[in-house]
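K.L.:
Take a look at the following structure, please.
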Amino acid sequence: MRLLERMRKEWFLIGIVLAIAGAKLEPSIGVNGGPLKPEITVSYIAVATIFFNSGLSLNTEELTSALVHIKLHLFIQIFTLAFFPAAVWLFLQLLSITPINEWLLKGLQTVGCMPPPVSSAVILTKAVGGNEAAAIFNSAFGSFLGIVVTPLLLLLFLGSSSSVPFTSIFSQLFMTVVVPLIIGQIVRRYIKDWLERKQPPFGAVSSSVLLMIIYTTFCDTFSNPSIDLDKFSLLLVLFIICSIQLSFMLLTFIFSTRNNSGFTPADTVAVMFCSTHKSLTLGIPMLKIVFAGHEYLSLISVPLLIYHPVQILLGSVLVPTIKSWMVSRQKGVKLMRPTV
């Protein structure tokens, strides 16, 4: 069983490399409007598949118990939509004296204002074996909250204002997140015995969908004209983004593993991914709406286009390490429990 798991991880990493290479060689296939139609297959079908898959595989009792974990939800949402953008704003005050393009810096601020994604954090939490129910709840709730909060944060930090079509965005989230999850839970009630007996490869399905998301995301990245910026600026932005992600993952890890935090190791995994991941699916449409007609919209979008694939790649690379830590910590907790 361990050999199969190891082989699956290795093939997944190979799949990531092939997905990126394929996107680099021919980005027109997976770009919006291309043959794969990612504006439909990814934005709707892939996301819906992920949450239908989660609805099938997730015990109803676990999802119900996750709803009442108020402290965990508050930590994730406050970190994502309050601490994250404020910390990035402070950091950018220091970077403003550097020769980095000011619109790229504004783009970094927009990244901080974005809500969590509705897919990658859930998939990576599931891959580690963390609290998937908490990840699903916070990804969905954070996305709905972001519909209102993100435009307000953009207005606060960047001074842009515009009317946002809350109804259409809310409807898309409801149809691609809530409905598939509920349908998956309903179907699970009727085939629960079969699922427990056959144990379908839910992880493989999620990994395959994630590879598709990686591919189409990099297609957008490589086909975007703004990527023709000078290599120094792009490398600097890439370094800053990696530093922000790793620093915030470490920060959430430290806070959530304190003795008085009340979080389990599985909770910590959900916290690390849900608190630091940002949504490209929701982010790009919001930027196009809030900065409609802005001459530097493409430059502002670059950091988010870079942040999304980086968060998936970093998360995928760190999955084995985080999983080893979680398993060892859970074993330690079991050994510390007094025997009756």
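Cβ atoms are placed via backbone N, Cα and C, with glycine included.
In TrEMBL, annotation is done automatically, which means it is predicted and not curated.
For reference, TrEMBL lists these features for the protein:
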type	residues	note
SIGNAL	1-23	signal peptide
TRANSMEM	41-60	transmembrane segment
TRANSMEM	72-92	transmembrane segment
TRANSMEM	135-158	transmembrane segment
TRANSMEM	170-191	transmembrane segment
TRANSMEM	203-222	transmembrane segment
TRANSMEM	234-255	transmembrane segment
TRANSMEM	296-319	transmembrane segment
K.L.:
Relative to the transmembrane segment (72-92), which of 41-60, 135-158, 170-191, 203-222, 234-255 accounts for the most Cβ pairs at distances under 8 Å?
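P.N.:
Looking only at 41-60, 135-158, 170-191, 203-222, 234-255, the most contacts with the transmembrane segment (72-92) come from 135-158.
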K.L.:
Three or more CB pairs closer than 8 Å, sequence separation of 6 or more: does that hold for the transmembrane segment (296-319) against the transmembrane segment (135-158)?
P.N.:
no
K.L.:
With Cβ-Cβ distances below 8 Å as the criterion, list the same-chain residues six or more beyond the ends of the transmembrane segment (170-191) that contact it, or say none.
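P.N.:
Contacts with the transmembrane segment (170-191): 43-44, 47-58, 60, 63, 118, 136, 139-140, 143-144, 147, 282.
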K.L.:
Is it true that the transmembrane segment (41-60) and the transmembrane segment (203-222) have 3 or more Cβ pairs under 8 Å, skipping pairs fewer than 6 apart in sequence?
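P.N.:
By the criterion, they touch.
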K.L.:
Other than its close neighbours in sequence, what residues sit by the transmembrane segment (203-222), given a CB gap under 8 Å and a spacing of at least six beyond its ends?
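P.N.:
Those are 8, 12, 15-16, 19-20, 22-24, 27-32, 34, 36, 38, 41-42, 46, 49-50, 53, 119-120, 123, 126-127, 280, 305-306, 308-309, 312-313, 316, in sequence order.
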